[in-house]
Structures are given as C-alpha cells and as structure tokens.
Amino acid sequence: MQRLRWLRDWKSSGRGLTAAKEPGARSSPLQAMRILQLILLALATGLVGGETRIIKGFECKPHSQPWQAALFEKTRLLCGATLIAPRWLLTAAHCLKPRYIVHLGQHNLQKEEGCEQTRTATESFPHPGFNNSLPNKDHRNDIMLVKMASPVSITWAVRPLTLSSRCVTAGTSCLISGWGSTSSPQLRLPHTLRCANITIIEHQKCENAYPGNITDTMVCASVQEGGKDSCQGDSGGPLVCNQSLQGIISWGQDPCAITRKPGVYTKVCKYVDWIQETMKNN
C-alpha cells in the first residue's frame with residue numbers, strides 16, 4: 001500500500017517530475033533513493049490504484065467536456081473530478097485530501113483562457129463502504145462527493161453532467177478524459193485535456209482479467225486490441241456514455257493499455273441513491 005501511495009504522489013512541475021512532499025518536509029539522498037525503490041516496487045506489482053492517464057487518446061476539442069474538473073493541492077494536480085451540481089463534484093474516494101483548489105472550465109492548465117472558474121473545497125464525503133486504510137488494495141466503493149465552498153456559475157464552459165440510474169451494457173461506446181500522462185510506463189504529462197474513445201466490456205471478461213478483484217459496483221472498459229486506456233496520473237475523472245456519467249476512473253494494470261487488462265471504473269449507476277441522499281443531507 002505504502003509503495004503505491006508514493007507512486008501516486010509523484011507530480012508534474014515546470015522542470016519535470018518531482019516527488020510531492022508534505023509541507024515542511026525536507027528531502028535527502030537517502031529519501032530520494034527510498035522513493036526510487038518504492039516506485040520500482042509499485043511498478044512490479046502490476047495493479048495500480050489512483051491517478052490515471054489517457055493512453056493513445058487525442059486532445060479533446062477545447063471545452064467539449066464542460067463538466068471536467070481538476071482537483072489541486074496548492075499547485076499540484078491530484079485528481080480529476082466531474083461537476084454534477086453547482087456546488088458538487090464526484091470523484092474517486094482514494095483522492096481524499098483535507099482541502100482542494102478546484103479548477104473548472106479549463107482546457108490548457110498552463111494558460112488563462114477567460115472562461116475558467118476556481119473554487120475551494122474543504123468538505124468531502126467518501127462512500128462509507130470505502131476502506132481508506134487500504135486504498136490501493138481494496139478498490140470497492142471508490143467514490144466520493146466533494147462540496148465546493150461556493151457554487152459555480154453555469155456557462156457554456158462549465159456545466160454539470162447528468163447522472164443515470166440505468167447502467168450501460170457491454171458494447172457501449174464511451175469517452176474518458178483527463179490531464180494525466182499520455183504514455184506508460186514512461187511519464188509524459190500534457191498541458192491540455194486528453195480524451196479517448198473506449199468500449200464497455202462484458203462483466204465476466206472483467207472478472208477474468210482481475211480474478212477476485214471485481215465487484216458488481218465496478219465496470220471495465222477498453223478497446224479490444226488494447227492501446228487506449230486510463231491509468232496513473234488523473235484518477236477520479238469521468239467515464240461518459242450516452243451523455244451521462246457512468247464511471248469514475250479508479251484503477252487498473254500498470255503498464256497501462258495492455259490487451260486483456262482493461263481499465264476499471266466505479267459504476268456510478270449503482271450509487272445514484274447514495275449520491276442524491278448525501279447531497280440532500282449536506
């Protein structure tokens with residue numbers, strides 16, 4: 001678990017990749033060596049929870065995903081998220097932090113585009129069934145609501161995505177999006193939002209790919225020949241099918257985009273009642 005947490009905490013900076021540290025922490029050659037060891041161990045395990053990347057996708061048409069949000073901790077991109085109401089975001093529970101800076105309405109994270117909105121958020125509601133003590137071992141109920149301090153203004157560039165209690169079936173074409181790395185195992189972090197078209201696969205094939213790790217609240221998606229996937233770098237982002245939110249990017253295989261090893265998503269249709277009740281009570 002700890003080694004995967006270290007892998008998740010790597011980030012992008014203007015000079016390349018640096019290891020994220022808690023405020024006040026100091027690095028040392030010994031710590032740097034330990035970080036490298038943990039990363040190599042995490043890669044060796046194969047299964048990776050957390051931050052995802054869009055592999056072999058394409059640059060999204062600017063502002064074509066107006067529900068897409070980016071969760072930052074200060075200047076560090078933590079996860080993706082989906083706007084589902086003026087004050088509410090849906091993301092993965094393993095993205096839990098005490099405070100976020102939320103960026104919406106952006107395509108290029110390094111440019112001011114005139115339509116972006118920024119909010120803070122300190123209230124998070126992970127699903128009560130999520131095992132936060134084992135965030136990279138137990139992937140069940142990997143879903144969380146985040147309440148922003150103030151509502152966003154609904155514009156052409158910032159707009160909520162519809163939820164649906166009707167689950168999609170195998171063969172449905174869907175879209176994933178995020179700002180994570182565009183290659184695996186090497187990390188190449190884009191500035192602009194990336195998209196990929198993928199397809200929902202049969203539940204039995206999903207179980208066969210990850211024996212003992214798949215529940216009925218998870219859904220798998222990929223392309224049959226491999227090559228397109230979500231993986232480390234931007235967890236919590238949306239899986240959009242038929243213009244509704246059907247999945248939250250959760251976990252999968254590393255290296256990513258391997259044939260017969262699809263990405264695994266939290267099946268949002270199974271949680272609509274919990275989402276609505278949590279928003280109503282808070």
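Positions of Cβ are set from backbone N, Cα and C atoms, glycine also.
Reduced to three states, the DSSP call for His94 (active site, charge relay system) is helix. Look at Swiss-Prot and you will find His94 (among others) tagged as active site, charge relay system, backed by similarity to another entry.
Among the features that Swiss-Prot reports, active site, charge relay system is placed at Asp142 (among others). Just so you know, the Cβ of Asp142 (active site, charge relay system) picks up 30 other Cβ atoms within 10 Å once every protein chain is counted.
Annotated active site, charge relay system per Swiss-Prot: Ser235 (among others), in sequence order. According to DSSP, Ser235 (active site, charge relay system) sits in a coil region rather than a helix or strand.
The disulfide bond feature in Swiss-Prot is assigned to Cys60-Cys195 (among others).
The feature disulfide bond is assigned by Swiss-Prot to Cys79-Cys95 (among others), with sequence analysis given as support.
What Swiss-Prot lists as disulfide bond is Cys167-Cys269 (among others), and the listing cites sequence analysis. All protein chains shown were included, and the count of other CB atoms within 10 Å of the CB of Cys269 (disulfide bond) stands at 18.
In the three-state DSSP classification, Cys241 (disulfide bond) falls within a strand. The disulfide bond annotation in Swiss-Prot covers Cys174-Cys241 (among others) and is backed by sequence analysis.
Other Cβ atoms within 10 Å of the Cβ of Cys220 (disulfide bond), summed over all protein chains shown, number 26. Residues or ranges marked as disulfide bond by Swiss-Prot: Cys206-Cys220 (among others).
Summarising the annotation, Swiss-Prot assigns disulfide bond to Cys231-Cys256 (among others) and lists sequence analysis as the type of evidence.
Mean pLDDT for the domain 'Peptidase S1' (53-280) in the predicted structure: 89. Positions annotated as domain 'Peptidase S1' by Swiss-Prot: 53-280.
Asn131 (N-linked glycosylation site) falls outside any helix or strand according to DSSP and counts as coil. The feature N-linked glycosylation site is assigned by Swiss-Prot to Asn131 (among others).
Secondary structure at Asn197 (N-linked glycosylation site), taken from DSSP and collapsed to helix, strand or coil, is strand. Its Cβ placed at the centre, Asn197 (N-linked glycosylation site) has 13 other Cβ atoms within 10 Å. Taken from Swiss-Prot, the feature N-linked glycosylation site applies to Asn197 (among others), supported by sequence analysis.
Annotation source Swiss-Prot lists N-linked glycosylation site at Asn213 (among others), citing sequence analysis. According to its DSSP assignment, Asn213 (N-linked glycosylation site) is coil.
Feature annotation from Swiss-Prot assigns N-linked glycosylation site to Asn242 (among others). Taking a C-beta cut-off of under 8 angstroms and a sequence separation of 6 or more, Asn242 (N-linked glycosylation site) has the following same-chain neighbours: Ser164, Val168, Thr172.
According to Swiss-Prot, the feature signal peptide maps to 1-50.
In sequence order, the recorded positions near Cys95 (disulfide bond) (Cα within 10 Å of its Cα) are Asp142, drawn from Cys60, Asn131, Asp142, Cys167, Cys206, Cys220.
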